Amino acid sequence: MLYHFLYPLSGQFGLFNVLRYPSFRIVAAGLVSLLIGLLLGPLFIERMRVLQYGHSNVREDTPERHKKKAGTPSMGGALILLAVTVSTLLFADLGNRLVWAALLVTLGYGVIGFWDDWLKISKRNSKGLAGKKKLVLQVLVVLAVYYGLLTDWQPRTTDGFPFLTIGSLVDLHLTLPFVPTHLFSPSLGWLYLPFMIFVVVATSNAVNLTDGLDGLAIGPTIVSSMTFLALSYVAGATIAGFSLAEYLRIAYIPGAEELGVFCSAIFGAGIAFLWYNTYPASVFMGDVGSLALGGGLGMLAVLTKNEVASAILHGVFLAETVSVILQVWSFRTTGKRIFRMAPIHHHYELKGWAEPKIIVRFWIMSIMLALVALMSLKLR
């Protein structure tokens, strides 16, 4: 917004010329998002406490220490979304469809998460929105954004009959980490859309599963946002006419550098939220936060052509999800459990690990995996 309103005035006010640089707007978005989260955090937490919008997602088989967390203010993800949205709208180029796609999927998933949280709070149980209904809504959000923003509808006429042809604004080729795009980058064609939906929905639900300990989900989310900031910038930026993507032999995505503003906004909001969510947490993000952030990260993976690399970057989220899948499969087929409890962070809790130790070690793993993902830029 500031880019559109103030940059045209740079001729009269030279200071506004800095808005032409994505690098400046990326830093500014992160700082503003951080300040919004830090300043509004206490007010939000107190309001949730007064309204008794507390954590009620406590299962009967949950570790004993978690039962003490019942009543802690929840739905802190709404504050994250506010900070991310305001910062992105202020500093991003609003003519960039990629930015809108990432933001709208994030907000759409936030609405789904809010509905889920509201049902849990109003009915005082851990069930919330039915799993199948939630999944259908997640798919519909991605479809709406894809056909509404990422599709080029081209009117044509054949034999006097008008019709529309569809051109995707998203590259339908699959890119692999550590493999130069000119050597191997197969086109998925029409299969790319279901693949895209899978990446976004799976990432969203994986973050949701990880959000079980104080600060556990937001830590890797912060790491991922900074990693995607770097990945998006090199995918779209040109310096003195020189394409970083061409030099690194990765897919060139025009306008992808603007996604750095969105990534920075997530980073700033995430740091601010962690200030209040760190052990012992004063607020939980709820599904409104975990589903939204996961959806946003999934879209970033798609829009920057790092769908496969995101499996490395999001290794912590992936491990949590796989642990649940294996646990359910093992119990249904053999009647035995592989882990003491799933997701796997609860397994370590029941082994006697202190909650902060589990959280920090998962953060360390997330940082290590992010470094591997970044290494894939050069090792091709």
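Including glycine, each Cβ sits where the backbone N, Cα and C put it.
Note that this is a predicted model, so its numbers are computed, not measured.
Positions annotated as transmembrane segment by Swiss-Prot, on the basis of sequence analysis: 26-46 (among others).
Outside the transmembrane segment (75-95), and at least 6 residues removed from its termini, the chain residues within Cβ reach (under 8 Å) are 1-4, 25-26, 28-30, 32-34, 36-37, 40-41, 44-45, 48, 53, 103, 106-107, 110, 113-114, 117, 121, 255, 258, 261-262, 264-266, 268-270, 272-273, 276-277, 283-290, 292-293, 296. The transmembrane segment annotation in Swiss-Prot covers 75-95 (among others) and rests on sequence analysis.
Residues or ranges marked as transmembrane segment by Swiss-Prot on the basis of sequence analysis: 98-118 (among others).
The transmembrane segment annotation in Swiss-Prot covers 135-155 (among others).
Annotation comment: Swiss-Prot describes 160-180 (among others) as transmembrane segment.
The transmembrane segment feature in Swiss-Prot is assigned to 183-203 (among others); the stated evidence is sequence analysis. Counting residues 6+ beyond its ends, the transmembrane segment (183-203) has Cβ neighbours under 8 Å at 105, 135, 138-139, 142-143, 146, 168, 170, 172-176, 251, 294-295, 297-299, 301-302, 307, 310, 314, 317, 321 in the same chain.
Annotation source Swiss-Prot lists transmembrane segment at 222-242 (among others), citing sequence analysis. Counting residues 6+ beyond its ends, the transmembrane segment (222-242) has Cβ neighbours under 8 Å at 22, 26, 248, 250-260, 263-264, 266-267, 270-271, 274, 297, 300-301, 303-306, 309, 313-314, 363, 366-367, 370, 373-374, 377 in the same chain.
With a threshold of 8 Å between CB atoms, the same-chain residues lying at least 6 positions outside the transmembrane segment (259-279) that come near it are 22, 25-27, 29-38, 41, 45, 76, 79-80, 83-84, 87-88, 91-93, 98-99, 102-103, 213-215, 218-219, 221-222, 225-226, 228-229, 232-233, 236, 285, 289, 293, 296, 300, 303-304, 355-356, 359. Taken from Swiss-Prot, the feature transmembrane segment applies to 259-279 (among others), supported by sequence analysis.
Counting same-chain residues at least six beyond the ends of the transmembrane segment (283-303), those with a Cβ under 8 angstroms from any Cβ of the stretch are 41, 44-45, 48, 55, 69, 72-78, 80-81, 84, 98, 101-103, 105-110, 112-114, 116-117, 120, 128, 138, 141, 145, 170, 196, 199-208, 210-211, 217-218, 221, 224-225, 228, 232, 253, 256, 259, 262-263, 266, 270, 273, 276-277, 309-310, 313-314, 317. Residues or ranges marked as transmembrane segment in Swiss-Prot (evidence: sequence analysis): 283-303 (among others).
Annotation comment: Swiss-Prot describes 311-331 (among others) as transmembrane segment, evidence class sequence analysis.
Same-chain residues lying 6+ beyond the ends of the transmembrane segment (357-377) with a Cβ under 8 Å from its Cβ atoms: 177-178, 213-216, 219-220, 223-224, 226-227, 230-231, 234, 248, 250, 279, 306, 309-310, 312-316, 345, 348-349. Under the heading transmembrane segment, Swiss-Prot lists 357-377 (among others), citing sequence analysis as support.
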Could you pull out which residues elsewhere in the chain have a CB under 8 Å from any CB of the transmembrane segment (311-331), counting only those six or more residues past its ends? 177, 202-203, 205-207, 209-210, 220, 224, 227, 294, 297, 301, 337-339, 342-345, 347, 362, 365-366, 369-370, 372-373, 376
Going along the chain, which residues at least six beyond the ends of the transmembrane segment (26-46) come within the CB cut-off of under 8 Å? 73, 76, 78-80, 82-84, 86-88, 90-92, 229, 233, 260-269, 271-273, 275-276, 282-283
